[in-house]
Amino acid sequence: MSSSNPLRDAQDRRLPRIAGPSGLVIFGVTGDLSRKKLMPAVYDLANRGLLPPGFSLIGFARREWEDEDFADEVYRAVKEHSRTPFRDEVWQQLSQGMRFVQGDFDDDEAFETLKKTMQELDAAQGTGSNFAFYLSVPPKFFPLVVQQLKKHNLADQKDGSWRRAVIEKPFGHDLASAKDLNEIVHEVFAPDQVFRIDHYLGKETVQNILALRFANTLFEPVWNRSYVDHVQITMAEDIGIGGRAGYYDGIGAARDVIQNHLLQLLALTAMEEPAAFDANALAAEKTKVLGAVRLPKDLAKSTVRAQYAAGWQGGAKAVGYLEEEGIDPKSTTDTYAAVKLEIDNRRWAGVPFYLRTGKRLGRRVTEIAVVFQRAPHSPFDHTATEELGQNALVIRVQPDEGVTLRFGSKVPGTSLEVRDVSMDFAYGESFTESSPEAYERLILDVLLGDANLFPRTEEVELSWKILDPIEQFWAKHGKPAQYESGTWGPVEADDMLARDGRSWRRP
Ligand code: BG6
């Protein structure tokens, strides 16, 4: 029965959001993501009091482990990677609900054991038959695991309980494979049971894009083609491919992060205001703007892909991509990608969005720079403004989280000279709370059934639609360019902007 007082019904968003009775099943529990991100995030949530007392964690993998071995593995991962301090009483309680199921993904018996384990946990821990299945497995196993869940009736939601599927990227490797995968997943799970992870959406600074734009009056009036010259979205990493040759080779930078993280950043930067801050309204606006993205006609001039060559990184010698262990020496996989996109709508017509990403670049930084047009007229003479760049609003996603506004100011002295200065907001200075890890936020949202921060099928498919022609063009035309490790990418990417009379920021 609904109360007659809408104010009483409204949830106070400042109150802690605590998950109800539930458990998490992780497939691929021995993988890197699980150890470095998922297990520590579960502990951090428990430590912050956001999980129910009987919360349960089931690991499913091939390894010959007992429950204790699994718990030991989680313990080590938590000790090494968790964000919040270790507290024995939290660990003791959490470890009560840890179980391990040994088996291959095609092993029917193992899935029956999983079902039994879940039932036992319902009785012992009070999980209420509410379980999320986290598919932290190589993409080739997605269909098999999903079908096994169906075959063993593990996706069924009975008597008010819930079952949810959490799917890690990459969600397909092109539009056709993403559609196939969506079909397979939706044969088993209804759309509101599926949570596709794009961990960038779990980052505080990424959520802040919407707060900055829509909770203030200052920025929105100039957030359009009348004032914005162009937008640069950069995701630079200083690391190479590390031990991920098997995953990365053949996928490359554009599929790895432009298709998801960077296009989501573009969508949040460029979309219209949603009618409400809820999953449907957000998805509607993101879908609309992704659907309006247009590729320039000449892909040779508006896209660049490249591979890192040997060089120096952080004072150490670094090998080139083709010399990395496990990489085919003839590989044409991109470790750097830059693309110019346009958005065909009234707000953005004619404003280029330049996206770039790369491994082994100068330093790790992700930012969105909204670069404004120059003043239409200047009363100062040319020499006074020689050192003045374009005004810019830079959303610093990581690592130095915050926002910078760059504008011109008079240099103190008897003559008139205007130079760039900046006004800074830094999370570390303005807030005492530290930001939760993206995976903490996203796992909690899955347990709460809150889908705001998860891309929908349409968004994933539209993103592939943008990327597919670029990948096809690259596959047909020549080899990737090269850039020295530790630099800011290939000269071809600088040329791409220079042709438009612009240059990349050096963050
Ligand atoms: C992942 C990519 O999605 O994001 C990796 O697969 C990349 O290649 C990683 O290194 C970067 O994440 P973050 O949060 O460190 O920017």
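Even glycines carry a Cβ here, placed using N, Cα and C.
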Which single residue out of Asp180, Asp256, Asp381 does TrEMBL record at the substrate site shared with His199, Lys203, Glu237, Lys359?
Asp256
What Cα-Cα separation, expressed in whole Å, is found between Glu237 (substrate binding site) and His261 (active site, proton acceptor)?
13
Considering only the recorded positions His199, Lys203, His261, Lys359, which residue has the minimal Cα-Cα separation from Asp104 (NADP(+) binding site)?
His199
Other CB atoms, at most 10 A from the CB of Phe105 (NADP(+) binding site):
20
Suppose we draw a 10 Å sphere around the Cβ of Lys169 (NADP(+) binding site). How many other Cβ atoms does it contain, all chains included?
18
For Asp104, Glu237, Asp256, listed as binding-site residues, tell me which one has the smallest number of other Cβ atoms within 10 Å.
Asp104
Indicate the candidate from Arg62, His199, His261 with the smallest number of other Cβ atoms within 10 Å of its Cβ, considering only these recorded positions.
Arg62
Measure the Cβ-based neighbour count of Lys359 (substrate binding site), defined as the other Cβ atoms within 10 Å of its Cβ.
22
